[in-house]
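Just dropping this structure here.
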Amino acid sequence: MLAARLIILLSFYWLSASAIDPADPLFVDLPHGKIRGRDNGFYYSYESLPYAEPPVGELRFEAPQPYKQQWTDTFDATQPPVTCMQWNQFIFGDNKLVGVEDCLTVSIYKPKNTSQSSFPVVAHMHGGAFMFGEARQNGHENMMREGKLILVKISYRLGPLGFASTGDADLSGNFGLKDQRLALLWIKQNIASFGGEPENIIVVGHSAGGASVHLQMLREDFAQVAKAGISFGGNAMDPWVIHQSARGRTFELGRIVGCGQASDSMELKNCLKSKPAGEIVSAVHSFLVFAYVPFAPFGPVVESPDAPEAFISQHPVDIIKSGKFAQVPWAVTYNTEDGGYNAAVLLEKQASSGRELIFDLNDHWFDWAPYLLFYRDSMTTIKDMDDYSRKLRQEYLGDRRFSVESYWDLQRLFTDILYKNATELALDLYRKHGKSPVYAFVYDNPANTGIGQFFAKRTDVHFGTVHGDEYFLIFENLARGPEMRSDEEIISRNFLNMINDFVVSGNGTMTFGNCVLQDNVGSNKFQLLSITKNGCENLQLESFP
């Protein structure tokens, strides 16, 4: 059904598309009317363009509907995108509620480059564990200064508003993924009006954004809207991506906000539609064991096969094994200390005791580990969980206690379980069942400041190359300082050239600097590019280091 609607909508918009006014590039004609963008010196921006009807009222907890309104006046595309309503981990303090429910927009950034008449397109999905984040959290000026690519940032529903699910056709879930899908369709249909090349669209994202890219690519019809994808620091194999106990959690959500009387999914959905959005999103607090743990209490699900417009109805592993996914080039990445994103908060000194939270793991490891590492819902008995928790602690820490001194091994555990192992699994599946090129790289070059220092609120600990250290060289982020070292400037330029070359390449090749990444499909060994301060090197591995 989604594929049929795709063909119909593509046909409509291709017939309707028009171009930028050559007399004034700030004005663009779209099927809904004329828009006015902003001149930012070295690039143009066209922000907050709606691609879907507001997901409010009866459209809450429903698949997104294409935007229908016709503008009689020129649409003001100079306002930055609003934040989708969320309980945001990056807000310190008790009240983390921010954003609005009516938020489904795309924002377009086009470089001023008179040497190019058209531009390849990067569709960007922000990260945030499917719970928080926004289109504005990652900058675009690095990419605009290079002057080679149009960037489109996508806003999508998050947390319970985007991913509540009862596991049946009545409240199927994955609304945030369906938002992304409709946004990609909008880009395909309309980007030529901005000077973009609809035949040269690549989708990129980081963390949950990277996992989103991968999930989009697991649909065979992805190839109709984009030609390649890059998943930085997250993919569909990560244990925090696919949720197995969404039904119970969604009914618990209903109980928290006053829908405890609901006896079935439809009654629950109707009740939730009547509640203020802020109450629903604020209920996230009740699912956290401590701090912001687990960091993803709501997220993607495997939908019921009879759900209308199901996004996926098989587990990603089974989809890949079936071969029924988009056979287009894909790249997947991880950082050597990705897990610092999850572990660093344990190094913050607590106001009440003056000591770090990591010491509390000595008394609460068996209680907290299943939530920290996302196996609470995948094991059937408490004994299974305790046995696995004990095994992990022994493997990574031996007989040592949790402390600041043992932090490095704790983050190593988090890196392996939450990121690295999933990257290895994804590559293993693709090299056996894929047909189009699949590439991988590992980044090992610590930033001076980053997410580790941000959450730990300290700089006296070596955090390594933490989650986002590579991505923020492409898309700026306030979690790291604004300045780049000379080696990072070179790496940033190489990343931007890599993305550009990947999307315009006719044969799906991928190059970083002077290194050509090697395809994993059909390979007996893992082909992994190592990127460090000193350059790049192709590795052939039996297993990940």
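Each Cβ is built from the backbone N, Cα and C atoms, and glycine gets one as well.
The signal peptide annotation in Swiss-Prot covers 1-19 and rests on sequence analysis. Positions annotated as disulfide bond by Swiss-Prot: C84-C103, C259-C271, C515-C536. The N-linked glycosylation site feature in Swiss-Prot is assigned to N113, N421, N507; the stated evidence is sequence analysis. The active site, acyl-ester intermediate annotation in Swiss-Prot covers S207. The active site, charge relay system annotation in Swiss-Prot covers H467, and the record cites similarity to another entry as its basis.
Any idea what these are sitting next to in the structure?
Secondary structure from DSSP puts C103 (disulfide bond) in coil.
Of all Cβ atoms in the shown protein chains, 16 besides its own fall within 10 Å of the Cβ of N113 (N-linked glycosylation site).
According to DSSP, S207 (active site, acyl-ester intermediate) is assigned to coil rather than to any helix or strand.
Secondary structure from DSSP puts C259 (disulfide bond) in coil.
Taking a C-beta cut-off of under 8 Å and a sequence gap of six or more, N421 (N-linked glycosylation site) has these contacts in its own chain: F544.
In the three-state DSSP scheme, H467 (active site, charge relay system) is classed as coil. Residues near H467 (active site, charge relay system) in space but far in sequence (CB under 8 A, at least 6 apart, same chain), listed by position: S207, G233, N335, D338, G339, G340, Y341, Y419, I451.
The 10 Å shell around the Cβ of N507 (N-linked glycosylation site) contains 6 further Cβ atoms across the protein chains shown. In the three-state DSSP scheme, N507 (N-linked glycosylation site) is classed as coil.
Neighbour list (C515 (disulfide bond), Cβ cut-off 8 Å, at least 6 residues apart, same chain): L529, G535, C536, E537, N538.
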Looking only at C84, C103, C259, C271, C536, the disulfide-bonded residues on record, which one has the least crowded Cβ, with the fewest other Cβ atoms within 10 Å?
C271
Could you round the CA separation between C84 (disulfide bond) and C259 (disulfide bond) to a whole angstrom and send it over?
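A Cα-Cα distance of 23 Å.
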Could you round the CA separation between C103 (disulfide bond) and C259 (disulfide bond) to a whole angstrom and send it over?
25
Going by Cα-Cα distance, pick out whichever of the recorded positions C259, C271, N507 is nearest to N113 (N-linked glycosylation site).
N507
Note down the number of other Cβ atoms within 10 Å of the Cβ of S207 (active site, acyl-ester intermediate), including every protein chain shown.
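Its Cβ shell of radius 10 Å holds 26 other Cβ atoms.
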What does the structure give for the C-alpha distance between C271 (disulfide bond) and N507 (N-linked glycosylation site)? Integer Å is fine.
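Just about 51 Å between their Cα atoms.
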Take the C-alpha atoms of C259 (disulfide bond) and N507 (N-linked glycosylation site) and report the distance between them in angstrom, rounded.
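N507 (N-linked glycosylation site) has its Cα 54 Å from the Cα of C259 (disulfide bond).
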Does DSSP give C515 (disulfide bond) helix, strand or coil?
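DSSP call for C515 (disulfide bond): strand.
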